[in-house]
Amino acid sequence: MYGLLRNLLFRLPPERAHNVALGSLDVAQKLGILNTFTRQPEPCPVNVMGLEFPNPVGLAAGLDKNADHIDALGALGFGFIEVGTVTPLAQPGNPKPRMFRLPEHQAIINRMGFNNEGLEHLITNVRHRRYRGVLGINVGKNKDTPNEQSEQDYRKGIAAVYPYADYITVNVSSPNTPGLRDLQFGDSLKQLLHAIKEEQAACEQKHGRYVPVAVKIAPDMDEQGIRFVAAALLEAGLDGVIATNTTISREAVKGHVHEQEAGGLSGAPVREASVKVIQGLYAELGDRLPIIGVGGITDGDSAAEKIRAGAKLVQIYTGFIYRGPSLINEAVEAIRKEIS
């Protein structure tokens with residue numbers, strides 16, 4: 001069924017297809033017929049970051065940037081949903097076209113640029129959701145905010161979403177906001193992590209509950225970079241790390257018509273790089289800091305591979321676009337076998 005729907009959607013421009021698909025999900029959910037086309041996975045509970053997840057397969061940030069579709073997506077069987085990336089102020093993102101399919105590689109190149117409606121819009125949607133599963137909210141900085149002032153945007157984001165999130169992700173790894181990835185390294189990272197923990201502590205005191213904070217990193221790191229990030233996360237006392245975001249490498253798609261398009265490459269070509277980063281992080285972190293693995297999950301084996309590499313949870317996005325909801329069940333069952 002999904003294969004037929006995907007073939008129809010793939011006749012549309014990628015961003016248009018994205019919006020049509022999510023709108024159709026909303027309609028099906030409101031009509032109460034969504035479960036007719038999907039099968040809920042059997043429970044596979046895990047406890048990570050002090051949170052109980054019904055299963056370890058979540059939806060990665062980026063699909064539902066504004067939290068417009070939480071209820072429909074939450075009905076598909078995900079163990080958790082992550083919305084965003086949201087910035088303090090609404091921004092249009094980069095000029096179109098800014099998303100490109102590479103079906104031969106089960107991949108997508110995007111240079112969206114944190115297009116979103118801002119914190120107020122997202123929070124309104126989150127407050128009115130019916131979905132009561134685990135919800136992560138991914139926060140970023142506005143494009144016009146200089147890196148030296150970026151901590152102000154992250155503080156605003158954390159403070160605003162704190163009352164509504166089960167966990168918060170700080171995105172410092174999108175390749176589509178100029179200079180953003182510079183925040184992953186050196187004193188910039190250490191200073192940002194310090195500010196994040198300060199804001200988290202202030203919010204905990206204000207709201208009387210502890211909301212874990214994770215940082216999302218890029219796959220384009222060498223061993224030295226991975227060791228530095230791991231040490232900085234431990235030193236600051238972060239609660240988790242999401243590995244990884246999209247890659248700027250085109251090695252795996254050389255010769256493709258879209259090879260030279262600027263932006264982040266996601267999907268199957270990121271699988272190997274993501275696993276290497278997870279392995280490197282786990283070698284440094286062990287079980288002291290949980291890893292959420294994302295990047296290149298297109299079937300059960302690639303999901304279980306992330307767990308073998310050291311991840312406690314996984315997230316899907318591009319694979320979900322190519323495979324549909326059946327990927328959720330397949331990934332859950334593969335991970336169940338891996339951890340049993």
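The backbone N, Cα and C atoms fix where each Cβ goes, glycine too.
Copied over from Swiss-Prot, here are the features:
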- Ala61, Gly62, Leu63, Asp64, Lys65, Thr85, Asn138, Asn171, Lys216, Thr244, Gly267, Gly296, Tyr317, Thr318: FMN binding site (BINDING)
- Lys65, Asn110, Arg111, Met112, Gly113, Phe114, Asn171, Asn176, Asn245, Thr246: substrate binding site (BINDING)
- Ser174: active site, nucleophile (ACT_SITE)
Whole-Å Cα distance, Gly113 (substrate binding site) to the residue listed as 'active site, nucleophile', is 8
Spatial hits near the residue listed as 'active site, nucleophile' (Cα distance within 10 Å) out of the binding-site residues Leu63, Arg111, Gly267 come to Arg111
Expressed in Å to no decimal places, the gap between the Cα atoms of Asn171 (substrate binding site) and Lys216 (FMN binding site) is 5
Reduced DSSP state (H/G/I helix, E/B strand, rest coil) at Gly267 (FMN binding site) is strand
Taking only the CA atoms, the spacing between Lys216 (FMN binding site) and Arg111 (substrate binding site), expressed in whole angstrom, is 17
The answer, for which of the binding-site residues Lys65, Arg111, Lys216 has its Cβ ringed by the most other Cβ atoms inside 10 Å, is Lys216
Row Tyr317 (FMN binding site), column other C-beta within 10 angstroms, all chains, value 20
Residues near Gly267 (FMN binding site) by Cβ (under 8 Å) yet at least 6 apart in sequence within the same chain, in sequence order, are Leu102, His105, Gln106, Ala107, Ile108, Gly296, Thr298, Thr318, Gly319, Tyr322
Counting every protein chain shown, other Cβ atoms within 10 Å of the Cβ of Asn171 (substrate binding site) number 27
Within 10 A of the CB of Asn245 (substrate binding site), the number of other CB atoms across every chain shown is 29
Rounded Cα distance, in Å, between Arg111 (substrate binding site) and Leu63 (FMN binding site) is 14
Counting across all protein chains, other CB atoms within 10 angstroms of the CB of Ala61 (FMN binding site) number 27
In three-state DSSP terms, Leu63 (FMN binding site) is classed as coil
Here the Cα-Cα span from Tyr317 (FMN binding site) to Asn245 (substrate binding site), rounded to a whole number of angstrom, reaches 11
